[in-house]
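What Swiss-Prot records for this protein:
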type	residues	note
REGION	1-402	region 'Carboxyphosphate synthetic domain'
BINDING	Q285, E299	Mn(2+) 1 binding site
BINDING	E299, N301	Mn(2+) 2 binding site
BINDING	E299, N301	Mg(2+) 2 binding site
REGION	403-551	region 'Oligomerization domain'
REGION	552-962	region 'Carbamoyl phosphate synthetic domain'
DOMAIN	681-881	domain 'ATP-grasp 2'
BINDING	R717, K765, L767, E772, G797, V798, H799, S800, Q840, E852	ATP 2 binding site
BINDING	Q840, E852	Mn(2+) 3 binding site
BINDING	E852, N854	Mn(2+) 4 binding site
REGION	963-1126	region 'Allosteric domain'
Amino acid sequence: MPKRTDIKSVMVIGSGPIVIGQAAEFDYSGTQACRVLREEGIRVILVNSNPATIMTDPEMADATYIEPISTPILEQIIAKERPDALLPTLGGQTALNAAMALGEAGVLKKYNVELIGASLDAIDRGEDRELFKKVVEEAGAESARSDIAHSLEEVDKIAEKFGYPLVVRPSFTMGGLGSGIAHDEDELHRIAGAGIHYSPTDHVLIEESIEGWKEYELELMRDKKDNVLVVCPIQNVDPVGVHTGDSITVAPVFTLTDREYQKLRDIGIAIIRGVGVDTGGCNIQFAVNPDTGRIIVIEMNPRVSRSSALASKATGFPIAKIATKLALGYTLDEIQNDITQSTPASFEPTIDYVVTKVPRFAFEKFPGADPTLTTSMKSVGEAMALAGNFQESLGKAMRSIDKRHMGFNWDGDKPSEDEVSQLLDAIKVPTEHRYLQIQRALWGGATEEQIFAATKIDPWFIRQFALINETALEVKNAEKLTRKLLKKAKLAGLSDLQIAHLRRLGDEGENTIRELRWSYDLRPVFKTVDTCAAEFDAATPYYYSCYADETELRPRDREAVIILGSGPNRIGQGIEFDYTCVHAVQELGKNYDTIMVNCNPETVSTDYDMSDRLYFEPLTFEDVLEIYEAEKKMGPIKGVIVQLGGQTPLSLAARLKAAGVPILGTTPESIDLAENRELFGEVLKKADMNAPRYGTALSLDEAREAAHAIGYPVLVRPSYVLGGRGMEIVYDDAQLRKYVDRALKEAQADTVVSGRLPSPLLIDKFLQDAVEIDVDALFDGEELYIGGIMEHVEEAGVHSGDAACTLPPSTLSDDQIRRLREGTYAIAKGCGVQGLINVQYAFMANTLYVIEANPRASRTVPFASKATGVALAKAAARIMVGETIQQQRDNGLLLPHGDGGDIHRGQQVAVKESVLPFKRFRTPLGKTVDVLLGPEMRSTGEVMGFDRDFPHAFAKSQLAAYEGGLPTSGNVFISVNDTDKRQLPLFAARLVELGFNIWATEGTASVLRRYGIDSKIVDKISVRMDSDPDDPITTYHAEGSVGKNVVQLIEEGAIDLILNTPNSRGSRSDGYAIRSAAIAADLPQFTTMTEFSAVLMAIEAVRNNDYQIMSIQDHSTQLFELESRD
């Protein structure tokens, strides 16, 4: 059945911003879809609100719209572009829900747009819990006993029928949002209430708990001829009760008999047929009772999912690409397997290695959050590793997480009997540390039976953990490390660093072990991912390392460049850095063999055909050096690029150079010049530039001395971090002591000597009421090219990754822009930058201060590139291999004249807004953690608003970030601190003019009354500064009030918009309860006056709904015309 010829144009909907449960995997799948569609000669119209994606690059589609994924905006684009079909199955839950909304609104019918990949009926049957339950029954399979509830009253009736514990599952949400396991009525009301709220269909499934059962997933595909194949079975190491995104997962499955697996396969095939997915893929989750073998179908996703990306990378089978071809009418037997280039896609993949995925968490960013892992996903990223056996694969995956203390360790004495008892209690509750606690408990003498009783993790896996411990004990106690023992340790997944710790070899121990290993000629070999267990030759070089006998690397002729990726997504280092790596691969591939090293299965950079060679390996010194040494034997290497993947590869630069690896672009010495506070101070002094007064400290006494010399408030942070990790605004000595005590505790015990830290704390004067600016630039040693000047909407103090920003800047004068340009040139020249640099500045009372400089790609590079139409990372890659900025102007990569710092009359305005994951993180009693922003980054993703002026662009950014966007009428609650009350009357008067009603606490209402502005008084709430987030709220009744506090009004749906500026001393004040309630209700809320000023302009601008919709291709053309004109 050949491709359909009636489809000439297709709209693809992306997944929007990176959020927990929906991350970079949809950029990967969407990019594959766009490439397939264009190869087939189909016009592609792409809509996505996330600028930090490869799929929104202009060459990926014929018309690319970086716009909010809302029904009115999508309808405008459909009306303009008139696509023949809509493909919604590659953009996660966002795209699926958007397609359903377009169908229900009659938009698809109105414009005669066909849904391909999955029908509305199939989406409904797969996503709606009640309909799916019927499909399962018709397939002859079993669901957990369950019932549907639309209200808490119905929830209570079901609880009476089934008893506790109960599982709550909402329909049409991703990452288990709104789901959970309830053990009593309070938990049930909290979880089910959130589930009903977050489900677009306002109902939840309440089902019997099957906690402790084994969990499996099947990834299936089906075509029009009813050919069905299972791409990959995946096993969760955690039993049912932990969301699959938060569990360690493995492929192939280890704990099913062949008969059980065939039964799962038969059920899966019956369900994909019953749901009606006939031109694409789906993911089905199963639970198996370990005692009886009873099989329960948990749920399905009738689309490409997070597990699809994992299965694709695990097997080499490109699910998204094939799903797109199936949607166009091809059948599986007509599609070629790209990896073998000799077998059809109808051959089920077979693997002869073990794949392990380990999640990465960020609980440290959300103090007070409940660390318990449940059915609602909480991890922010993941790493994957491949190896010859499970132990080796697990060891590689755990070190790929790139987080201190995340690998097994055997430091110090064995745990005592009391400690083992405590560990056995701790592992009953799943947390991110559970596997380390299991390993420590086994190390201390706990039996495998005790571990199983506490965790219900399958005994096969527990046995593997015990075997790793046994090997570690051998290594620790051996008189001599023989070649045989060293190889056994490597097969057990132990790194050189872990072995060095076991042998107590000190700081140089890792190098000592490597030299010993090399003296034995004990090195990893590299095997190929080929989809067919080596039955056919692989044409694509996709490699993993293992300690086996024969390497499968092939010689090459061209000079190679190795690019180090960014590893697992995390807060502070996300998809933006994968974007810059992919651009470097695309550009350098024209002249060099590109070799990509990364361990993140979600990303475009780890697609099998993106680079000339892909190594799915941990980004550690040991693993990267082994790749370099192996590739050196295969052909010439120009060098390694470390400045595009964020802090992870950057931290390897100095050691790699010391080991003889050539580093391209900015040298490790120059990196240190910018990162080291004292050395950077000298650069600024020579350039006659201001920095906030600062000091450094290695102890509490030094910190106190520095803070007193500078004057409170101060900004305190560790050296060499990304995403503002550990950064805090400190107002007095008591707060400073707490900060230093915590830093000493978090530092590795063996590096702390008598209260002194291993690396200095940086202490800066905090600039209050300053305007913060980010500048991204290119430098080739002589010429500077400004990529973009981005003005923050919030004042200084909010981390640049969380702040909204605008490009071009909206309030800077020509003179201020000139000073920024001159300052950036002086810093880039002084630091010896060769490639990208990001400098953060602040203007306070028209004095320019340099906050920091980063001689690498920054997270704003994709945004600046999309806003200016210039691929900065591509130009940077060419500069790193020795080309000049003038050469990039000549070849068209950069503007022929001027740069991104120039402002042109009539230029479109771009606004970047951050997206925060607060609804995922709750305290143990269910309240959301505080949303107050500060110097430590907490956002997971970003959106971009693009329009003719700042108010319209800002309004679009809010529409993309908040479901429904900004209200244009209704009730506004206002509560501001004393400092902000001076600005309040102007804001309040404008709100009244716009038709809003103002609700305020008594103090704020009193200020407004003096200016003749009416407001309704609400009762004041009080939370002690030192209270626990879960402490009850005290209400103080005010005279003339409406008789309710604001939290009650938010919960009743009476409030539409919130302005709540906090007191300076932190989040445990009254505002916390307000902000928490607003997050639970999905209300737009703003915590700074500067941002609320922008909100007012935006509301005024969009009252007529007159957004300008323009593709970025048209925008780039307009920009080049304006540049030529000016």
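Every residue gets a Cβ built from N, Cα and C, even glycine.
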(message) If you count other C-beta atoms within 10 angstroms, which of the binding-site residues R717, H799 is the most crowded?
(response) H799
(message) Can you give me the same-chain residues 6 or more apart in sequence from Q840 (ATP 2 binding site) with a CB-CB distance under 8 Å?
(response) E772, I773, D774, V775, S800, V850, I851, E852, A853
(request) Note down the number of other Cβ atoms within 10 Å of the Cβ of L767 (ATP 2 binding site), including every protein chain shown. (result) 21
(message) Return the residues near E299 (Mn(2+) 1 binding site) by Cβ distance under 8 Å, restricted to its own chain and a separation of at least 6 in sequence.
(response) R129, F132, R169, I284, Q285
(message) Using Cβ atoms only, which residues of the same chain lie under 8 Å from N301 (Mn(2+) 2 binding site) while being at least 6 residues apart in sequence?
(response) G126, C282, N283, S307
(message) Quiz question: given the binding-site residues Q285, N854, which has the greatest number of C-beta atoms lying within 10 angstroms of its own C-beta?
(response) N854
(message) For the C-alpha pair, I'd like the distance in angstrom between R717 (ATP 2 binding site) and N854 (Mn(2+) 4 binding site), rounded off.
(response) 15
(message) Could you give me three numbers for the region 'Oligomerization domain' (403-551), the DSSP helix, strand and coil residue counts?
(response) 74 helix, 10 strand, 65 coil
(request) Taking only the Cα atoms, work out how far N854 (Mn(2+) 4 binding site) lies from L767 (ATP 2 binding site), in Å, as a whole number. (result) 20
(message) Give the mean pLDDT for the region 'Carboxyphosphate synthetic domain' (1-402) on the 0 to 100 scale.
(response) 89
